[in-house]
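Participant: One structure, as structure tokens, below. Some questions next.
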Amino acid sequence: MPIIALAVSVIIMDATVVNVVLPVLIRDINLTASDAEWVNSVYALVFAALLITVGRIGDIFGRRRLLIVGIVVFGVASLLASLSDSATTLIMARLLQGAGGAMILPATLSTINALFTGRERGIAFAIWGSTIGGMAAVGPLVGGWLTTDFSWRWAFLINIPITIIVLVGTLLWVPETKDPHAERGADAAGVVLSILGLGAVVFGLIEGQRYGWWTTTEPLTLGGFSWSWSVSPVPVAFALGLAMLTAFVLVERSRARSHRPALLDLTLFGIRSFRYGSIAALVVALGEFGMLFALPLFLQGALGYTALDTGLLILALAVGTFLISGGTPQLTRRLGGRAVVRIGLFLEAVAITGLGLSISLTANGWVLAAWLFVYGSGVGMATAQLTSVILADVPVSQSGQASGLQSTVRQLGSALGIALLGTLLVSTLAAATTDNLRSVPGLDNAAQQQIVGIVKGSAGAAIPELGALPNGPAAQVAAETAMVGAARITTLSAAGIILLGLLATIALPAMRRDDEDAAAEVAVTGTVTGTVTGTGLVP
């Protein structure tokens, strides 16, 4: 069990580190704002697309074998990330980490399910979930400390010894398990169409600011190919993405009719609780992950926080999640899972609104931490119970894919949230910086454009470096003020999105009494498991 828990911890450690070190990465290897969004989004996209398929592969060919491959892939990807000196290398490393993580997570879950029964299984899942909770709290601190006192590269290198220990331990002590009744075959077409379709949509959201939303503002060059048309590649990407996603749905429907393995079981969406619960989970993840992408950029770009300071502040979120989990089972038994979800989402929306209104150049860290604590408390109530509500009416024969699919939905929401709210942050920041610089004396148009380019291109991470330029101190204040406005708008937009998720829960049916008891049991043994993965800390 310790080896399995440690295997999960390596994913959590990495996921919690990335947001904290991202502003430093932007400055150190000259990432653009688009690059920074891709660093997070590509991980979530690959993770989402592969999660269900690789889980089935593990059932067929062996979960221990899948875990070994996943650990090796994740370790190699972490080494590649630590050695990165360009955006392309880092993004490729994150893509590989997403693939490795998609192997590790289902392999550990299904291994626990196969090796333990009864009370021992509950204890095993509690240990698994507690490991996630602990690493979610420790990860930002360790990553921030390594980045501040040493280098951001150590935030990735720390994964290497963990993966080696897990690899050796798995080879020595984790037995092989398989499902002799697992449906053989893989939906390769579904995986490819989903990755390409979602990737094209995310490309459009992220790159619209760079290449133009309709007409081309900057040529797109890929190898020897150059986009030379007046129409931007962005609307073309949207059109291709929607076409491929439509083809994906048609392929999945065809495979289901012919009784072949399908990545997406469309009949699940005929179940009301699954349909509306998944919509709520998608929308909520969009707001949560988008907000927590923007927050470290504001803290380090406008307030001058170090990566360690940022990690300490975000710790309040994990603490709120952990502490509230103790009272969630009793609340679930008293009020029901659906009501607990709504209360939790309401707390999230209120906390993010308070956080947004507290953002300023003189923002008090304790106030920000208090709002993050309330937000974490809302997550601790909502996310695990939302999982229970989503799965409440799913037949046992479909529970495996339904569970994997709801995790995939969260990953998709995180990718879209980072792309959408990241774009909102950058576009608002660029416009506000342009306006503010007009009042700075001694800056001609060329100098103003240069500063706007630096601020926009770095998503605000390079603002502290503006002071070294001619008229830099005044320009830095102008950019910091712009960052305050952009972060506030982005954060309040995230709160609005979470409110939309709350509205989606209105359509959820009431849970049966036995389902309510099961939801409370989830809160006892697995609240941390479900809630931490919904905080935005863990994609």
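Each residue, glycine too, has its Cβ placed from N, Cα and C.
Copied straight from TrEMBL:
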type	residues	note
DOMAIN	1-513	domain 'Major facilitator superfamily (MFS) profile'
TRANSMEM	5-26	transmembrane segment
TRANSMEM	38-54	transmembrane segment
TRANSMEM	66-83	transmembrane segment
TRANSMEM	123-146	transmembrane segment
TRANSMEM	186-206	transmembrane segment
TRANSMEM	226-251	transmembrane segment
TRANSMEM	279-299	transmembrane segment
TRANSMEM	305-327	transmembrane segment
TRANSMEM	339-362	transmembrane segment
TRANSMEM	368-391	transmembrane segment
TRANSMEM	412-432	transmembrane segment
TRANSMEM	489-508	transmembrane segment
Participant: Could you please provide the mean pLDDT value for the domain 'Major facilitator superfamily (MFS) profile' (1-513)?
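Facilitator: Value for the domain 'Major facilitator superfamily (MFS) profile' (1-513), mean pLDDT as a whole number: 85.
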Participant: Between the transmembrane segment (305-327) and the transmembrane segment (186-206), do 3 or more CB pairs sit under 8 angstroms, pairs being 6 or more residues apart?
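Facilitator: Per Cβ check, the transmembrane segment (186-206) does not touch the transmembrane segment (305-327).
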Participant: Are there at least 3 C-beta pairs under 8 angstroms linking the transmembrane segment (305-327) and the transmembrane segment (368-391), leaving out pairs fewer than 6 apart in sequence?
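Facilitator: Contact criterion met.
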Participant: Pairs of Cβ atoms less than 8 Å apart decide it: which stretch in 38-54, 66-83, 305-327, 489-508 has the most with the transmembrane segment (339-362)?
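Facilitator: Selected stretch: 489-508, with the most Cβ pairs under 8 Å.
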Participant: May I ask which of the stretches 66-83, 226-251, 305-327, 489-508 has the most CB pairs under 8 A with the transmembrane segment (279-299)?
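Facilitator: Per the Cβ under 8 Å count, 489-508.
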Participant: Short question: which residues 6 or more past the ends of the transmembrane segment (66-83) have a Cβ under 8 Å from it?
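Facilitator: Distant contacts of the transmembrane segment (66-83): 7, 10-11, 14, 54, 57-58, 89-90, 92-97, 99-104, 106-108, 111, 153-154, 156-157, 159-160, 163-164, 166-167, 170-171, 174.
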Participant: Where else in the chain does the transmembrane segment (38-54) make close Cβ contacts, counting only residues six or more beyond its ends and a cut-off under 8 Å?
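Facilitator: Same-chain contacts beyond the ends: 15, 18-19, 22, 25, 31, 66, 70, 87, 90-91, 94-95, 97-99, 101-103, 105-106, 186-187, 190-191, 194-195, 198-199, 202, 206, 263, 289, 293, 401, 404-405, 407-409, 411-412, 414-415, 418-419, 539.
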